[in-house]
């Protein structure tokens, strides 16, 4: 059995630790920070807003917040990070100054009205391009009034932007979503002194009476990154894998539960229960069966491209529905998955809110065909999750990915670890 510490810190927690430090009064320490491009964007923006960032050890930082958020003299560049743009929008909505947030072409084409509308419910002064649909975003910080908001989508980024505004508003605000999204923001902020209460699925957020408490966070491994190697184990005969030190928040392990329903042997071993549950995940290869994914989409939406690869190895037709938000990610992930599968000759079809895949069960005929004829180049669409999902498929098929380097956005060690897995020499180092 292979034991693997993927050394890929959780992206969600890394972003939040940096952003929340700006609401503290004293220096904060973040250990095992994810040095991916997205999280580094959040760190750079914190510096541009006046925070002092010191590198104290490998992947660890001491962040000293400014006495007051500084109005930057330049655009705040979020690059490809939607989390940075959406959470900073909530934070800056009540801060004195003019703030412009922009990103690369991909980010500036992703939907931003989903955060502008709830922030405007506070009477925040925020504008976006094309009638508030897209970035760049312009924010003129101003006093906020408390509000009650019911979100039409389950999105941790929307919820987090709302909470960050609500903490700075005049009076208590409430937020409701139709399905529980990731709850790291609520957990972290409550541990730092924020008054956030869950009343039968409705969040009540009271304004901060004092700055957040200083913190010293050590960030666990990202379950979304770990899932790529759970997938690798699930599609590789006779494989057994132990993933170490993984964040096991129940809102983040939906993909592991789906893979378990498909037939893979998966067990969890909780190691600690401090701020968040952290532990090990044991995976063993087994024949896979088809699955229909239609509920609790928020708990696995980032992993659906990887799950589509598992569906390819399953017996029967697998279906994904109610996942329209996949079209609003770094790429249109429904189109990306289906177009690549069709190029490989896989029976599949896309819907407005999902797709279906006819599992091959036996992939050897496809492998034999590609050994005689060069397979088509897999298009990553410059989307890290599409690139990594199809890279795992190269364990079974001789494929090439057009831009695997985009994995550096969230998982800089991915390519090296996958190559070691292919060679059978993966030792967790």
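Cβ coordinates come from backbone N, Cα and C, glycine included.
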Further binder of 3-phosphoshikimate named by Swiss-Prot next to 11, 12, 16, 155, 157, 329, taken from the candidates 5, 131, 302, 353: 302
Cα-to-Cα gap, residue 110 (phosphoenolpyruvate binding site) vs residue 329 (3-phosphoshikimate binding site), nearest whole Å: 7
Candidates 110, 333, 385: member of the binding-site residues with the richest Cβ shell (10 Å): 385
Local Cβ density at residue 157 (phosphoenolpyruvate binding site) - other Cβ atoms counted within 10 Å: 23
Residue from 82, 157, 333, 385 whose C-alpha is spatially nearest that of residue 16 (3-phosphoshikimate binding site), among the binding-site residues: 157
C-beta crowding around residue 302 (3-phosphoshikimate binding site), within 10 angstroms: 24
List of residues, in chain order, with Cβ under 8 A from that of residue 12 (3-phosphoshikimate binding site) and at least 6 apart: 83, 156, 182, 184, 222, 252
